[in-house]
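Annotated features, as they stand in TrEMBL:
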DOMAIN    A:34-218  domain 'BPL/LPL catalytic'
BINDING   A:79, A:80, A:81, A:82, A:83, A:84, A:85, A:86, A:147, A:148, A:149, A:160, A:161, A:162  substrate binding site
SITE      A:144  site 'Lowers pKa of active site Cys'
ACT_SITE  A:178  active site, acyl-thioester intermediate
């Protein structure tokens, strides 16, 4: 059994996708050098489509030039997974953690991310489960409620999970979500008859589920997290 | 074991969500380690034959990754540096960098992996090889772990969690 393990949580509100990406790159480098503890970014993005390393842009169903007219951006990334959409009312967690220290491989890590969203769903009486083989993510029946796309570099994670609280699902019509053609996308709002609390509460519950499933016994909240990390070096 | 499989299939039939899939957590003890190869702590192997070193990832690594669906490899003629990434594999929606245990010039890459990435899972030491390199430093090869040392390394890594 490992000793006390600390997780530092940054609650960031709305963050532009590229800004979040740059911050993650910096934090991954800091974590690799053990300058920071395991860190979790909790945030939302403005309407953004993203592609993974395989660049499956055939799964974007409208011309990239039209994206601006629907108020969305498109970004290519190094994460695993296919095309997806991020937007308001979707809770995103980007864990920047050392898998080697925690003793997890990619498969177990992703399973725990799935479990995080499954547990959160169950708080609202929604029976979600992990996908079948090859369909990583979290499903309520045939409808996808949570997506995962991860990058692991020298054992440090970046990117993470996106859980649909109540995003505008029409944005998903412009893509083949996660490259899976015949399945719908859903949200917590659609799947539960429970009255939802404020989103801030749901974000905190998601963070708690994550912390518990990953065995963190100390969770600290970073004061005033900003996009420029405290660990900037003078160049 | 049989009881666990029955419970799992019953749960599936009743569409009860399984928060954690029952995995063979003891399977890691049975990962294959081949004699005659050298190993890095980041779970890559090197087979040195004459002037060429072949590099891939170990059985332990492929087991922890899950089914590989995509492999990104460099071009021949490029170079690799010890400890630095030269490519990546994707499994379960996770891309994992693969690091080179040694430095040198890439002389060949396994192009079959673009059509059949699963060979990394089914044959990590043979058909799943990733790149062939002309090593630039013999001392780097010598500093890697032997099969015995790597086996102990894996056991310690797995036992400490």
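Every residue, even glycine, has its Cβ placed from backbone N, Cα and C.
Predicted automatically and left uncurated, TrEMBL annotations should be read as such.
Feature annotations (TrEMBL) mapped to structure.
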residue: A:79; record: substrate binding site; DSSP class: coil
residue: A:85; record: substrate binding site; DSSP class: strand
residue: A:144; record: site 'Lowers pKa of active site Cys'; DSSP class: strand
residue: A:149; record: substrate binding site; DSSP class: strand
residue: A:161; record: substrate binding site; DSSP class: strand
residue: A:178; record: active site, acyl-thioester intermediate; DSSP class: helix
Segment-level pLDDT (mean, integer) for the domain 'BPL/LPL catalytic' (A:34-218): 95
Cross-chain proximity of binding-site residues to B (CB under 8 Å), evaluated over A:79, A:81, A:83, A:149: A:79, A:81, A:149
Other CB atoms, at most 10 A from the CB of residue A:81 (substrate binding site): 28
C-beta crowding around residue A:79 (substrate binding site), within 10 angstroms: 23
Maximum Cα-Cα separation (Å), residues A:79, A:80, A:81, A:82, A:83, A:84, A:85, A:86, A:147, A:148, A:149, A:160, A:161, A:162 listed as binding substrate: 15
From binding-site residues A:79, A:83, A:147, A:149, the one whose Cα lies nearest residue A:178 (active site, acyl-thioester intermediate): A:83
Residue A:149 (substrate binding site): tally of other CB atoms within 10 A of its CB: 29
Pairwise Cα distance for residue A:79 (substrate binding site)/residue A:144 (site 'Lowers pKa of active site Cys') [Å, integer]: 19
For residue A:161 (substrate binding site), the number of other Cβ atoms found within 10 Å of its own Cβ: 24
